[in-house]
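*Asks:* Sharing a structure here in structure tokens format.
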There are 2 protein chains.
Amino acid sequence: MSTLIRNAAVFRNNSIVENQNIVIDGKYIKEFPDNPDPADYDEVIEGNNMLCLPGLVNTHTHVAMTLFRSYADDMELMDWLQNKIWPAEDHLDDDIVYWGSMLAFAEMIRGGTTAFCDMYMFMDSCAKAADLAGMRGNLARGLAGIGPNGDKGLAENIELFKNWDHAGDGRFKVMLGPHASYTCPPDYIRKVRDAGMKYNIPIHIHLSETQGEVDNCLKEYGKTPIALMNDLGLFDLPTLAAHCVHVNDDDIRIMKEKDVHVAHNPTSNLKLASGIAPVTKMRAAGITVGLGTDGASSNNKLDMFAEMRLAALIHKVKDSDPLAINALEALNMATVDGAKCMGYDNLGTLESGSLADIILVNREGFNWMPGFNSISLAVYSGNSMDVDTVMINGKVVMRHKELLTIDVERMKREVSRVTDKLFSFAG
Amino acid sequence: MSTLIRNAAVFRNNSIVENQNIVIDGKYIKEFPDNPDPADYDEVIEGNNMLCLPGLVNTHTHVAMTLFRSYADDMELMDWLQNKIWPAEDHLDDDIVYWGSMLAFAEMIRGGTTAFCDMYMFMDSCAKAADLAGMRGNLARGLAGIGPNGDKGLAENIELFKNWDHAGDGRFKVMLGPHASYTCPPDYIRKVRDAGMKYNIPIHIHLSETQGEVDNCLKEYGKTPIALMNDLGLFDLPTLAAHCVHVNDDDIRIMKEKDVHVAHNPTSNLKLASGIAPVTKMRAAGITVGLGTDGASSNNKLDMFAEMRLAALIHKVKDSDPLAINALEALNMATVDGAKCMGYDNLGTLESGSLADIILVNREGFNWMPGFNSISLAVYSGNSMDVDTVMINGKVVMRHKELLTIDVERMKREVSRVTDKLFSFAG
């Protein structure tokens, strides 16, 4: 299967090259020919007035939580968790997670997101939905060591690894998902680490999301969550740490030394009043920082255009510097840096040999006029609804805004059904 | 002319009422009948699965600056102004401002914004474009007293008042636009105030946008910009103050006492690294705070859904309070509070007797599922592209995403032409 994208404006080497042709062969980008003959390709996609970007990478989310969208907003964190989210989560099952995930994939593809890192429950169902939708994903079973199900969860996570790592023509990787320092005591973290070492599985964990979490960790262990996890040896495994809002200089030194990658979630950190992560400081230290939406219950959408824009905006005020995180940096965080967070070195760029996760963004909207700088336009005035066509692993999954892998009408019916099932307890 | 909107979910009295009918008679909302006969009305609009909101109010912008969109981003403020914006503004003319404004109105209507407060140059052309587009607007000639054109500008602003105040079937009001304390010395502010008193014209001014502005004002006059303007008697006129990022408790007391209204511009204040305005404090003091986009050069879009969302997010972190500015408050700031900023007491609500500025937002997108709380959905996961239909002053200006008052193809050609004309000097 070969595809030609013709006459698009292509984001390459940190700039936009107009009138480029891209050839995709199988799941890889092959070349950028000057005068291709359309007859030579199985499929030809016209790119006139389209901006061609690497697919956007959502490095931290809980996809099935789309079902909690607008269920409980503007609440105190513990009130929200204890009285709304946790009671509802008790009622999840495979059926519910499958359709909640499918809704997330529809929303993500629609908005140009081609890859995601997830941590949740019933992950086999999440994986099945992602496989059908054609998404690229890193999957982790959320693990808590404080309840009775720590060992069961870890066993499930290892089973997930055996079943799904490298599956889907290489679209899936599996990570271990120890939830956080406050839900995973040291002994449990050691167990997770040992399993990771045995099977060679990377880590996806929440770290230093709130000041309270850091304060409690200091009180209990005399160390920050970052230092604690480092001392427990967790960072000897490749680690993706979500949030890292409250990290100090020592934490940053550790993270750099151990090549810990960061999933920065600007909307979620604002919505839950967690704070603004020191992203420019972490980047200056050489740490790879990707962007994420977190779950739809703390966002409330899965819109990487919104996250790029917010990332480019909030650090300017945090640092009192209008040059902090410029448009190009935000775009790179949402693409190539996110791909690194997912463990890829051939994803998130449009180059020969890269995996063909590609989006075409229509530049005909009023928000794209005039067209001085398409990088600025994409980040500051772009809209997820401008995305026209989405390719993942060389396969077109959305064309002219129509989803090709998901039966939208059925999905809507099923989402309505499982939402009723999930929340029947509340009524 | 009478219009019936049928079976919509209507935002009334701070909540959503499903399956409502609205009758619009002329430019006013007339009633909400239970069982209307469609045959009784000139036009019937089906509202199934639509959320009916008051039109969004953009309380501070410079519409013709759409032409600067993506021209100069991620720069230091003075470098940006002195080397990019001001040289380009020297080349503005009526033709350029007309089409730059028309692009803004297309973008605003497309995204559900029905009213705007503007301060700029060649305002007669802006008014003509707004009149044709069917927008509601408060127009001010931007006035600087430090250059040679202070008196000429004031005379133009008074002329604008005579020509446009209450024009367009009441859609237009004219305000005086003294730019800021650092561009308008006390003697000039007194002149502006005297003109305002003579003709009964309200004020639109930038105040306390940056810490540097406040520091310089304190150094020069021994007073904050707010205190200075109060002592000069400016606040004896109804005043809309844009930004108010750096205001102290005394400033807030003065603003409340003089009923100064505030245009809060979350994106612009972040993008220019100005800071985060103490909005919850001002609101707690009883000050009316609306939302604005500022010009497209510091945003870069005119998208009130983006501003609502950002307003609901950033104050949570500023105040370390996840309950600061909830979704309902953000929606009210973008509608009824914005209308108050524009001097209306019968706009921004969906009630009998209110002016019929109404938008219908399609709730069929993935970002609206499931549908627990449409207020939360509109603010946190809504998208300006979800807007389906827009009515201003009782007249439908967009139907099923098609603009009815603006010839889009011609507008695009003209925008391209005037952009070339405007920036020919640069290259």
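Cβ atoms here come from the backbone N, Cα and C positions, even for glycine.
TrEMBL annotations: computationally assigned, not manually curated.
Checked TrEMBL, it gives:
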DOMAIN    B:53-397  domain 'Amidohydrolase-related'
BINDING   B:H60, B:H62, B:H206, B:D294  Zn(2+) binding site
BINDING   B:E89, B:R141, B:H179, B:E209, B:D294  substrate binding site
*Asks:* For B:H60 (Zn(2+) binding site) and B:H179 (substrate binding site), determine the Cα separation and express it in whole Å.
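*Replies:* That separation, Cα to Cα, works out to 12 Å.
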*Asks:* In sequence order, which same-chain residues at least six apart have a C-beta under 8 angstroms from B:H62 (Zn(2+) binding site)?
*Replies:* B:D118, B:M119, B:Y120, B:G142, B:D294, B:G295
*Asks:* In Å, rounded, how far does the Cα of B:H179 (substrate binding site) sit from the Cα of B:H206 (Zn(2+) binding site)?
*Replies:* 6
*Asks:* Around the Zn(2+) site formed by B:H60, B:H62, B:H206, B:D294, list the extra residues of the same chain whose Cβ is within 8 Å of the site's Cβ centroid.
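*Replies:* Here the non-site neighbours turn out to be B:T61, B:M119, B:A242, B:H243, B:A263, B:N265, B:S268, B:G292, B:G295.
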*Asks:* Between the binding-site residues B:E89, B:E209, B:D294, where is the Cβ count within 10 Å the lowest?
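*Replies:* If we count Cβ atoms within 10 Å for the binding-site residues B:E89, B:E209, B:D294, the smallest count is at B:E89.
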*Asks:* Where does B:E89 (substrate binding site) sit in the DSSP three-state scheme?
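*Replies:* The three-state answer is helix.
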*Asks:* If H, G and I count as helix, E and B as strand, and all else as coil, what does DSSP give for B:H62 (Zn(2+) binding site)?
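*Replies:* Going by the DSSP assignment, B:H62 (Zn(2+) binding site) belongs to neither helix nor strand, so it counts as coil.
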*Asks:* Over the domain 'Amidohydrolase-related' (B:53-397), what does the predicted model average in pLDDT?
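*Replies:* Mean per-residue confidence for the domain 'Amidohydrolase-related' (B:53-397): 97 out of 100.
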*Asks:* Once near-sequence residues are set aside, which residues in the chain of B:R141 (substrate binding site), 6 or more away, have Cβ atoms under 8 Å from its Cβ?
*Replies:* B:M119, B:Y120, B:M121, B:M123, B:G153, B:L154, B:E156, B:N157, B:L160, B:L176, B:G177
*Asks:* Would you pick out, from the binding-site residues B:H60, B:H179, the residue whose Cβ has the largest number of other Cβ atoms within 10 Å?
*Replies:* B:H60
*Asks:* In the three-state scheme derived from DSSP, which category covers B:E209 (substrate binding site)?
*Replies:* coil
*Asks:* So what sits near B:H206 (Zn(2+) binding site) in its own chain, CB-to-CB under 8 Å and at least six residues off in sequence?
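*Replies:* The list for B:H206 (Zn(2+) binding site) reads B:H179, B:A180, B:A241, B:A242, B:H243, given in order along the sequence.
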*Asks:* Looking at substrate and its recorded binding residues B:E89, B:R141, B:H179, B:E209, B:D294, figure out the farthest C-alpha pair and report it in angstrom, whole number.
*Replies:* 21
